[in-house]
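Have a look at the structure below before the remarks.
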Amino acid sequence: MNEAIATSVEAGLSAVATALMVATPVETPVEDEPPPEDEERVSSQALLILVTLLIAALLTSYYLQRWRIRTVHETVLSIFAGMAVGLVLRFSTGSYIKRIVTFDHTVFFNMLLPPIILNCGFNLQRTSVARNATAVLTFAFVGTVISAVVIGLIVQAYSLTGIESIGFSLLDSLLMGTILSATDPVTILAVFEQLRVDPKLFSIIFGETVFNDAVAIVLFATLSTLRTAGREFTLSAVPGMAASFIGVFSASLALGVALGVGLALLCKHLQLYNYPSIEAALALLVPYQAYLLSNSLELSGIVSLLFCAATMRQYAYRSLSVRSKRTTRYLFHLLSGLAENFVFIYLGISLFTSTETVFRPVFVIYVTVATCISRYAAIFPLSRLLNAIFKYRHPSAPSSAQPVTHEEQTMLFWAGLRGAVAVALASEVSGTSGALLRTTVLCVVVLSVAIFGGTTPQVVHLLGIRTGVPQPDSSDDDNDSDSDDRRAIIDLSTGPQSRVLTDDTPPPLSRFSSPWSETNESWISRIKISFNSLDRSLIYDIDKYYIQPMLTRKRHPSSVAGNRPYRRHRSNHSRRSSSGDSLEADQTDEYNSHNAHAGSSLGATVRATNATWNSYSPSEDDPNWESDLGNSKGRNEHPLLGSR
């Protein structure tokens, strides 16, 4: 463990030292742009370099996964490969190619960041973020503010000493703290997926980084407004900043939810399921529209995109056809993966191709240590507070039931590496301190990825965190996790009147129905637990029985008689489309393949249910018995096998 950390530190410091030797505080003269007839050729050469590095990164990822190499992750190799290519480009090509391959914050915010946030918001429901919402929101909102303030004060203290003539004002220091408070643990989450760590830890880190980026960007915009107006930061400006933050965040959230609801209504009332390509295209473009619209209104595009994607996944996704569901799920994951790998290559190249570099080595190391201190201050005290509140409400609970255990706290601290969001925010800073701030942030990002990202597997093993745990909410098979995707589980514990539990069923409230809450706690605590459980159940019932019927199709159009593309008794060669393709044959094969998969996984459950089926008839008004495996609503049908 220590050797791995030492190796990562040496590699990062050597890269920074190399950057120090080749960097210069004087802006290099910009050569004339190539003539129009050569501009396309030069641009193609620059893009060829980036695409070649991306292909190399994907092949590296393949071999690392095939050979099960856990000591290093492909994102770390990508950033070092980009640094090597950037070092070659610095001395071998003209300024035009270097300017194309250098990190551009407009390209990042408009092209690379949206796919990543879209995939995060789309998968937000499929993780256990809701079950750990208290810890996630505490770290994302309170922790981000603490981290920004701590870094800002430490940087301001260094500036007041006069070492290296930094000359940062308090506002500049807080602005740098806000930039470096944006975490980006893409590497660690990728390692977690490969190792299959505890879903609880994965959900906390995943949710914290998603909301953390949104909070950091809104805070940065608020401080940038003060800086642009030429005002200094004072305590009297805090209430106005807080009001501005709340207003921007709330308006962005409302805008994203509104567009997500609009997409859900379109999918419900239009027959888009007959045109899967249009359906999937709308699912991709509407969240992007929310992002661009929010940015054009000077709101937070990342917040609008995040909540638009989450709303789309909750409501619009249920009305999509099966093909569109598969397309959107894999397309979002593919675009996010390509964008993440491209970002790390982009950062590595930019370390040596940037034309405006003001390098202060002592300041870089000082700020790196400051980010570690701020991360400690944002994780451990808040974790102790959450555990203390939980212990007060559950006096007899074991330590393993705490919201954040000590091992999880340490892993959260280690997951606080910085990434492309910080570099993009730093690129928007101008003025006399802009070049120094951008260079320092870029170097800190490279060091954090090399040190923390490169040693994650060793830290997981050292802390004894559970690995190889099945991920129940991140299924990647062809069957979707919604009730309209024909996956059901029969609960036989209630006798003849057993109900069909789908993935829409609320998660078990283990924290509120645990043994100690029934036997050892006072009656006041049990009353509080009952109210909390009632609140969760009420929210779930309102969503399932009131909101979802308004925004989704309770039954997919493909399962309604007269409009069903999946026909059981039609021949595979019954009809052909005008183009000559057997459309119905493809749909019938897809239906039969799906039934075979569902039958193999639920066969034992169906056989166990047959004994109790004859004594129970489902009610037409009981929504729990609605299943796409039946032929029509209201018939006296078995929930899995159809008519008796």
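Positions of Cβ are set from backbone N, Cα and C atoms, glycine also.
Noted in TrEMBL for the protein shown:
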COMPBIAS  474-483  compositional bias 'Acidic residues'
COMPBIAS  565-576  compositional bias 'Basic residues'
COMPBIAS  607-618  compositional bias 'Polar residues'
DOMAIN    57-460  domain 'Cation/H+ exchanger transmembrane'
REGION    470-516  region 'Disordered'
REGION    555-644  region 'Disordered'
TRANSMEM  46-64  transmembrane segment
TRANSMEM  76-93  transmembrane segment
TRANSMEM  105-124  transmembrane segment
TRANSMEM  136-158  transmembrane segment
TRANSMEM  204-223  transmembrane segment
TRANSMEM  243-266  transmembrane segment
TRANSMEM  330-352  transmembrane segment
TRANSMEM  364-390  transmembrane segment
TRANSMEM  435-456  transmembrane segment
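Under 8 Å from some Cβ of the transmembrane segment (204-223) lie the Cβ atoms of residues 117, 120-121, 124, 127, 129, 132-133, 135-137, 139-141, 143-145, 148, 171, 174-175, 178-179, 181-185, 188-189, 192, 233, 241, 244-245, 248-249, 252, 300, 302-303, 306, 404, 408, 411-412, 415, 421, 425, all in the same chain and six or more residues away from its ends.
Of the two recorded stretches, the transmembrane segment (46-64) lies close to the transmembrane segment (330-352), with three or more CB pairs under 8 Å once pairs fewer than 6 apart in sequence are set aside.
When the stretches 76-93, 105-124, 136-158, 364-390 are ranked by Cβ pairs under 8 Å to the transmembrane segment (330-352), first place goes to 76-93.
Scored by C-beta pairs under 8 angstroms, the transmembrane segment (76-93) has its highest count with 435-456, from the stretches 105-124, 136-158, 364-390, 435-456.
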